[in-house]
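Q: What Swiss-Prot shows for this protein is this:
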- 1-147: region 'Disordered' (REGION)
- 13-107: coiled coil (COILED)
- 13-56: compositional bias 'Basic and acidic residues' (COMPBIAS)
- SER75: phosphoserine (MOD_RES)
- 76-99: compositional bias 'Basic residues' (COMPBIAS)
- 128-147: compositional bias 'Basic and acidic residues' (COMPBIAS)
- 166-281: coiled coil (COILED)
- LYS171: SUMO2 cross-link (CROSSLNK)
- 270-483: region 'Disordered' (REGION)
- 270-284: compositional bias 'Basic and acidic residues' (COMPBIAS)
- 320-330: compositional bias 'Polar residues' (COMPBIAS)
- 332-352: compositional bias 'Basic and acidic residues' (COMPBIAS)
- SER360: phosphoserine (MOD_RES)
- SER372: phosphoserine (MOD_RES)
- 410-430: compositional bias 'Basic and acidic residues' (COMPBIAS)
- 440-473: compositional bias 'Basic and acidic residues' (COMPBIAS)
- SER479: phosphoserine (MOD_RES)
- SER484: phosphoserine (MOD_RES)
- 502-530: coiled coil (COILED)
- 561-583: region 'Disordered' (REGION)
- LYS604: SUMO2 cross-link (CROSSLNK)
- 644-675: coiled coil (COILED)
Amino acid sequence: MATSMAAASGRFESAKSIEERKEQTRNARAEVLRQAKANFEKEERRKELKRLRGEDTWMLPDVNERIEQFSQEHSVKKKKKKDKHSKKAKKEKKKKSKKQKYEKNNESSDSSSSSEDEWVEAVPSQTPDKEKAWKVKDEKSGKDDTQIIKRDEWMTVDFMSVKTVSSSSLKAEKETMRKIEQEKNQALEQSKLMERELNPYWKDGGTGLPPEDCSVSSITKVSVVEDGGLSWLRKSYLRMKEQAEKQSRNFEDIVAERYGSMEIFQSKLEDAEKAASTKEDYRRERWRKPTYSDKAQNCQESRESDLVKYGNSSRDRYATTDTAKNSNNEKFIGDEKDKRPGSLETCRRESNPRQNQEFSFGNLRAKFLRPSDDEELSFHSKGRKFEPLSSSSALVAQGSLCSGFRKPTKNSEERLTSWSRSDGRGDKKHSNQKPSETSTDEHQHVPEDPREKSQDEVLRDDPPKKEHLRDTKSTFAGSPERESIHILSVDEKNKLGAKIIKAEMMGNMELAEQLKVQLEKANKFKETITQIPKKSGVENEDQQEVILVRTDQSGRVWPVNTPGKSLESQGGRRKRQMVSTHEERERVRYFHDDDNLSLNDLVKNEKMGTAENQNKLFMRMASKFMGKTDGDYYTLDDMFVSKAAERERLGEEEENQRKKAIAEHRSLAAQMEKCLYCFDSSQFPKHLIVAIGVKVYLCLPNVRSLTEGHCLIVPLQHHRAATLLDEDIWEEIQMFRKSLVKMFEDKGLDCIFLETNMSMKKQYHMVYECIPLPKEVGDMAPIYFKKAIMESDEEWSMNKKLIDLSSKDIRKSVPRGLPYFSVDFGLHGGFAHVIEDQHKFPHYFGKEIIGGMLDIEPRLWRKGIRESFEDQRKKALQFAQWWKPYDFTKSKNY
């Protein structure tokens with residue numbers, strides 16, 4: 001006993017320690033937030049200083065001119081493209097204008113020939129021909145001005161008075177015209193549909209339901225006969241209250257105007273309630289706590305009586321309106337016990353609608369009370385299905401009606417509207433019945449609250465929305481529709497199954513069937529919800545439409561096929577079915593999809609597949625199924641054969657390819673976003689650009705240069721290696737290389753070109769570095785590099801250690817997709833080395849050799865030393881002066 005108490009006490013923890021732990025968590029969270037805020041502010045200050053210094057906008061004047069030239073060429077190309085489309089129209093216009101001009105000249109010549117010829121004496125200094133020509137021309141022009149030429153109306157209009165029209169106003173006019181046209185088409189289509197409409201309430205623009213006035217009158221007639229005018233008096237009370245609020249008058253004065261005095265109205269209401277009450281022992285029966293067997297028996301009997309009533313009902317049966325199903329769910333927060341799916345008290349009340357329809361005077365009395373904060377009146381229900389009154393409201397209900405008339409509040413106003421709510425019984429399939437049908441229920445739903453009316457109109461106008469609201473706002477607490485909205489977990493399903501077994505053992509088959517239906521609906525809902533894409537924060541980002549492609553290591557790109565059929569659902573942890581591989585003791589297939597692949601498909605898969613992919617597949621299968629092998633009887637080969645014969649889900653391969661393509665695209669986009677050498681990147685240093693070609697540009701390093709004149713040749717597009725470049729890009733790189741060699745040669749310097757291609761998966765931008773060296777050091781450079789390459793990397797390598805580039809360049813010496821290091825000495829060839837182990841090979845290998853030759857401190861070639869913006873600008877201006885005589889990008893032939 002003592003040990004059990006000690007064990008039990010060991011699980012307790014003092015409030016002080018709990019509070020201390022919470023305080024530590026709060027302090028740690030505050031510290032993290034403070035640090036993040038400080039880092040953010042520091043980054044913002046750095047960006048602001050960078051902007052003020054002009055690092056984002058300043059560029060060399062020559063580079064700026066080159067960019068403007070590119071933009072002009074681009075605009076000219078676009079203009080030419082536009083002109084090409086409008087060339088035909090212009091030609092036709094010219095032909096018309098020429099034709100009109102020719103006709104005009106013919107008319108003028110006819111008029112001049114018909115007029116009398118005037119002879120003028122010639123002046124000696126002028127020839128008669130010239131004078132005559134001038135005279136005739138003058139005469140023609142005078143006649144044309146007076147008779148023929150007449151200005152058009154548009155030429156005389158004052159353009160300052162003309163109203164200007166913007167493109168937005170034109171778009172708005174077009175949009176309105178389109179809407180008007182669409183409305184006309186809809187009206188024509190609607191009129192054609194109305195001619196064939198059989199429902200009289202749909203014809204002539206109806207809503208499909210009888211008018212509300214008719215329904216109200218019919219309700220009042222029926223209610224007066226059956227309930228002694230109780231519903232009419234309640235509606236009268238609501239109308240008087242609304243009138244008092246609108247006119248800002250006293251409620252008792254309005255009651256006195258209509259009924260003489262408050263006492264008369266109270267007496268009428270009491271008489272009507274007595275006439276409507278048919279069962280005196282309803283309250284006693286309701287508050288009696290039944291046993292479990294009584295509950296089950298009452299539930300079964302009530303359901304059977306409901307089925308009989310439903311079967312014998314005639315055409316006068318009236319189904320309640322749908323808006324009763326869409327009321328607030330707050331009216332069901334009172335009794336949590338009755339909300340459970342297996343609650344038999346709820347079942348009993350559902351199965352006896354006649355009892356739920358009765359209104360006692362005490363219940364009505366509680367409606368006129370001003371509700372307090374700690375008091376929850378349970379008179380609020382959906383339809384006439386009332387929850388049990390609390391003790392406080394039951395005591396108050398015993399008082400007189402006089403003390404019940406108090407100042408109404410907003411909450412009481414909303415709760416009073418539940419008088420007119422109709423019964424919410426029935427399944428979802430009964431909710432679409434016509435409201436013109438009548439039922440044995442005593443009251444019909446009449447929306448008195450204007451919010452209810454607007455809700456009714458919305459539901460009538462939009463049937464799909466109504467169905468959705470009916471599903472999501474189901475009011476029965478124990479109904480399976482309400483609980484099947486969320487996906488049930490495994491534990492919840494197990495508990496539900498236990499409830500089903502328990503109900504079957506107790507003989508409550510109705511409850512068992514209900515729970516089974518709920519479980520089935522939950523399973524179906526889970527299957528449908530898996531096909532809906534999950535919402536995440538990515539949706540807030542701008543969506544892009546891209547062509548999904550796969551790229552192998554050699555740079556080959558091919559588009560991803562879209563899956564022809566939808567992907568089959570996994571359906572839990574089911575075992576995959578085996579495909580028959582043998583027929584009549586002969587092997588007919590190895591893999592599950594052998595029948596679907598042709599020889600061309602197999603060849604394509606073999607060409608597009610790489611050794612890395614095969615190694616991944618082999619390692620995954622070996623690690624997953626190695627434990628299943630048992631020596632001589634089931635070896636590793638047998639495991640691979642049986643695994644290959646398992647059937648995969650339909651469309652699984654296409655879906656995997658699509659996911660890989662999406663992952664590749666995202667990684668490439670992220671790499672290009674933070675790339676230092678892409679023009680579209682936000683981190684691109686524009687002030688370091690020296691010259692821009694067609695597909696290649698020349699810039700300076702973003703860190704301190706190894707030697708004076710250290711520069712970079714970089715492709716404009718995001719290319720990874722020289723072995724993956726196109727011919728025109730490689731040729732332009734060689735043109736920059738020749739110009740740089742010539743420039744440094746005139747200065748008495750030698751230069752070395754380096755390229756390191758590593759980490760193909762990370763997709764770094766290709767950089768071709770040019771480092772100038774003194775002549776005597778440049779002559780010794782091949783010896784240093786040859787010795788360093790021979791001693792680098794693994795001792796035993798798969799590839800040749802040293803590749804000579806004197807006869808062939810790097811693109812013809814190293815296969816595509818392999819990581820490599822290359823060095824070129826001026827315009828002569830150099831050496832290349834295929835990197836065996838990328839993790840051990842340093843990315844600064846070439847710079848380290850040059851640093852050793854020039855005795856440079858290691859921090860310059862390891863990570864680089866940052867420079868200020870002013871130092872970088874001076875460096876760019878100096879290099880631009882050197883480069884200007886050798887800049888081939890400004891030549892006209894380029």
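Note that Cβ sites are derived from N, Cα and C of the backbone, with glycine treated the same way.
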Q: In the predicted model, what is the mean pLDDT computed over the coiled coil (644-675)?
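A: Average per-residue pLDDT within the coiled coil (644-675): 78.
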Q: Do me a favour and check the Cα-Cα span between LYS604 (SUMO2 cross-link) and LYS171 (SUMO2 cross-link); whole Å is fine.
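A: Counting only the Cα atoms, the answer is 51 Å.
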Q: Work out, from DSSP, the number of helix, strand and coil residues along the compositional bias 'Basic and acidic residues' (13-56).
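A: Final tally across the stretch: 39 helix, 0 strand, 5 coil.
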Q: Once the chains shown are all counted, how many other Cβ atoms turn up within 10 Å of the Cβ of LYS604 (SUMO2 cross-link)?
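A: By my count, 13.
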Q: Within 10 Å of the Cβ of LYS171 (SUMO2 cross-link), how many other Cβ atoms are there?
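A: Around LYS171 (SUMO2 cross-link), other Cβ atoms within 10 Å: 10.
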